[in-house]
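K.L.:
Once you've had a glance at the structure underneath, I'll fire off some questions.
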Amino acid sequence: MDGDRVEIDGGIMEGGGQILRVSTALSCLLGLPLRVRRIRAGRSQPGLRPQHLSGLEIIRDLCEGKLEGGEIGSTEITFTPGKIKGGTHIADTKTAGSVCLLMQVAMPCVLFAASPSELRLKGGTNAEMAPQIDYTVMVFKPIVEKFNFTFNCDIKKRGYYPQGGGEVVVQMSPVKELSPINLTERGTVTKIYGRAFVAGALPIKLAKDMSAAAVRCIRKEIRDLYINIQPVREPDDQAFGTGSGIIVVAETSTGCLLAGSSLGKRGKNADKVGIEAAEILLRNLKHGGTVDDSLQDQLIIFMALAKGVSRVKSGPITLHTQTAIHFAEQLTKAKFTVTKLEEEDPSKDTYIIECQGMGMINPNL
């Protein structure tokens with residue numbers, strides 16, 4: 001410890017941008033000065049990429065904090081938070097860096113601001129190695145709002161690899177505290193729906209092929225359920241660049257949402273994209289959990305901040321989730337336990353993630 005600066009090793013466990021997102025968001029919320037070393041040490045291009053820098057800058061601006069080492073390629077930063085304020089904040093990766101990852105870092109902070117916030121996030125809306133914006137709206141939003149807050153997410157323009165150029169506007173009001181969640185009953189799958197999209201120079205036929213391939217793949221496992229995957233062509237004035245992809249969501253009788261998604265890229269045929277999304281969905285349905293492997297880690301910071309005990313039933317614990325738990329415990333007073341469920345179907349790999357939240361109270365309200 002340097003005075004009372006918390007030291008974070010950015011190279012352990014998942015070893016990527018997620019460590020920065022979780023630790024700087026919590027630093028901002030708790031007023032803890034932070035030093036992060038060995039940033040993204042395990043990556044082929046270590047150090048800050050444009051997207052990580054944009055995330056750090058929006059957190060700095062949100063709380064009028066001080067950031068040192070904030071340059072592309074930097075492997076060490078120090079961050080000294082100030083007081084979280086509402087209002088309009090802009091983050092622009094100037095690349096196809098994911099707007100959804102910018103949202104992940106900023107959202108917990110503005111929940112505890114003094115007044116309502118508007119986040120204008122620019123970059124890629126449908127990017128590799130990150131949740132697609134459709135996932136954020138269709139799956140993340142309805143589930144995370146169970147912590148007792150709401151937000152509005154307006155997709156102004158979609159942007160794709162390599163240029164980005166998308167813009168999403170998120171509006172939210174602060175809360176006094178977050179309620180815990182209990183997501184332990186899967187229920188039965190009641191419907192499957194989704195969207196297969198093309199934008200820019202690509203023909204709608206690709207979207208139809210992705211959709212048809214996904215439906216065929218799901219039909220092999222789930223025969224009697226109506227499946228509605230809409231093929232869409234993004235309007236030219238609402239999309240920048242050329243891109244394609246698909247998201248397929250399963251909704252259950254208890255209100256759980258699990259998804260599979262995939263992006264098209266040059267040389268990858270449309271059937272393969274559709275099948276990939278369908279297989280990810282089916283894999284997430286097999287383990288019997290109430291959340292899919294993309295949502296698992298995104299809930300951890302909210303569970304840590306909430307007041308009371310949250311419980312989530314999940315499939316195998318991802319490295320991202322283990323990492324989020326590690327840093328949430330290091331920085332907050334939250335306590336997590338992960339228990340394998342033995343008494344249920346032994347062929348299923350199911351776990352309960354339980355968290356005694358720290359009960360963060362918004363000092364401004």
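Yeah, the Cβs are placed from backbone N, Cα and C, and that goes for glycine too.
As listed in TrEMBL for this protein:
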type	residues	note
DOMAIN	13-338	domain 'RNA 3'-terminal phosphate cyclase'
BINDING	Gln104	ATP binding site
DOMAIN	184-285	domain 'RNA 3'-terminal phosphate cyclase insert'
ACT_SITE	His320	active site, tele-AMP-histidine intermediate
K.L.:
What residues, ordered by sequence, lie under 8 A Cβ-to-Cβ from Gln104 (ATP binding site) and sit at least six positions away in the same chain?
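P.N.:
Listed in sequence order, they are Arg21, Gln298.
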K.L.:
Count the other Cβ atoms sitting within 10 Å of the Cβ of His320 (active site, tele-AMP-histidine intermediate), across every protein chain shown.
P.N.:
20
K.L.:
Could you pull the average pLDDT for the domain 'RNA 3'-terminal phosphate cyclase insert' (184-285)?
P.N.:
97
K.L.:
Of the residues in the domain 'RNA 3'-terminal phosphate cyclase insert' (184-285), how many are helix, strand and coil by DSSP?
P.N.:
37 helix, 37 strand, 28 coil
